[in-house]
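Copied over from Swiss-Prot:
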- Cys465: heme binding site (BINDING)
- Asn136: N-linked glycosylation site (CARBOHYD)
- 21-43: transmembrane segment (TRANSMEM)
Amino acid sequence: MAFASLLHHIWNHAVDCAEQLTWWQTIVSFIIFCIMCSWLPGNGEMRAPFVGYRWPFEPTFWVRMRFIFQSLGMMTEGYSKFKDSMFKITTNDADWLVLSQRYLDDLQSLPAERLSHTDALVTMWGSSHSPFALLNKSDLSSRALRDVVAPNYAKDLDSLVDELRYSLEHDIDIQDDWKPIDALELSSKLVLRISQRILIGWPMSRDQELLECAQGYADAATVVQFALKLLPRQIRPLVYPLLPQAWATKSWIRRCDKILAKEMQRRQVLEKSDPVYEKPKDLLQGMVDLEPSRPVDKLGHDFLVQALISRMAPVVTMAQTLVDLALHPEDIEELRDEVLQVIGPDGAGLGNLRQSFTKLDKMDSVLRESARFTPLSMMTMHRRVQDAKGITLHDGVHLPRGTHVAFPAYHIGRDPKLVSGADIYDGLRWYRKDLGEAQENEAPKHRFVTPDSNYLTFGSGKYVCPGRFIAEHMLKLMMTAVLLRYEFKWPPGVPVPEQQYRHVFAYPSKTTLLIKRRKDGDQIL
């Protein structure tokens with residue numbers, strides 16, 4: 001009791017002192033605290049050169065803050081000096097060890113017990129004090145996506161066509177005259193509908209309340225994620241509960257819990273009363289079947305986090321691809337002709353979409369080129385060493401436990417020694433390369449979803465992104481519809497946007513295009 005009284009007295013005294021501080025004193029105190037936090041060790045045991053410091057005594061907290069807005073320049077400096085070895089970047093999340101691609105074979109197949117991808121992703125996405133921290137507590141939604149959704153969704157691609165048509169008719173307002181449309185907003189609306197159809201099926205894919213939950217949670221979680229990245233990780237536990245968006249995420253989760261519980265009750269009634277009822281192979285059903293002990297009214301958080309993760313790459317990739325095509329209009333007709341040839345003027349190819357999509361070689365090339373030229377994340381294959389003994393690489397370099405490693409996907413894809421003409425966007429680059437290298441009856445090697453040592457958008461090895469085929473089918477379906485239904489171009493007189501990154505994430509600064517309907521464009525899809 002005496003100790004509790006002492007703590008209470010100290011707390012009250014601290015509050016009284018804080019109330020007497022002026023704004024200037026508060027700001028100075030915060031800066032001093034940040035400087036003190038910057039002295040705390042990161043991956044201090046791992047010896048490698050740091051990059052990003054403009055002068056020897058630049059405060060570390062300031063370097064970490066600059067990384068949020070100047071990460072591309074810092075990474076370019078590091079890659080130009082140490083691309084054949086390794087270097088360190090300091091961030092508010094952790095100190096990251098950026099590795100040369102020659103270490104891929106050492107790490108890409110190690111088990112999670114030795115090299116965790118989940119721990120590293122949680123750190124990269126905003127630390128343990130963010131909505132994504134759930135991934136360290138529960139892998140239920142990830143297992144359901146990998147084991148239930150991914151193997152089964154393609155059996156009913158016709159349903160995605162139905163959902164896409166519904167979205168184009170109800171969510172998108174494009175007329176016969178040229179009209180400015182934000183490509184990011186367009187892709188976000190389409191992806192939201194289609195991803196919901198994949199993750200929870202019909203009729204819930206059109207449940208307006210669930211759609212609002214998915215979008216509302218995504219908006220709030222994204223704000224929380226980037227707000228926390230501005231702060232030293234030592235004070236995130238204090239700030240996180242004070243963010244209005246943090247409270248909003250919890251509100252959306254509670255609403256989603258109720259919606260999913262009601263849907264599971266409906267399914268359970270059907271399962272008992274309808275002898276021909278078949279359980280859907282979607283995310284919700286997968287989570288329930290994989291973990292029957294979990295209360296059905298406690299699945300909202302898992303569902304919303306997985307829904308957000310599943311949408312991020314398709315939304316940005318779709319928008320970036322449309323921008324790239326608008327800036328290189330010579331590729332648009334090439335793609336449109338290919339789509340018409342594969343789908344057919346009467347839409348016969350829609351009857352077997354899975355097979356039709358494998359024939360869209362030029363579209364594969366354009367998607368891959370956009371992902372190479374402007375990857376969603378500047379660094380991929382984030383991993384955290386979990387092995388208590390650490391990990392020793394092939395050349396004797398030792399990675400101690402706790403080391404956060406990643407590979408510079410952006411700069412590997414832009415390295416002229418690895419990719420010819422790497423600084424030039426060439427939409428049909430991979431199509432021509434496959435034509436030149438392919439043997440008789442050999443499938444193309446440079447698909448959008450096919451990773452290799454020079455193309456790490458989806459990672460590599462044992463933990464390559466399990467949802468990449470879902471993303472591929474979503475993107476090809478949406479691109480097919482846009483090419484058939486609409487004309488689009490870059491607005492005349494608007495300068496070409498510079499590539500920008502915030503932290504490690506692509507930040508499309510200008511995505512507004514001019515779009516109009518094509519005559520009879522909706523007759524096929």
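Placed from the backbone N, Cα and C atoms, the Cβ positions cover glycine too.
Asn136 (N-linked glycosylation site) is surrounded by 14 other CB atoms, counting those within 10 A of its CB over all protein chains shown. Rounded to a whole value, the Cα-Cα separation of Cys465 (heme binding site) and Asn136 (N-linked glycosylation site) is 17 Å. Around Cys465 (heme binding site), taking its Cβ as the centre, 17 other Cβ atoms fall within 10 Å, counting all chains.
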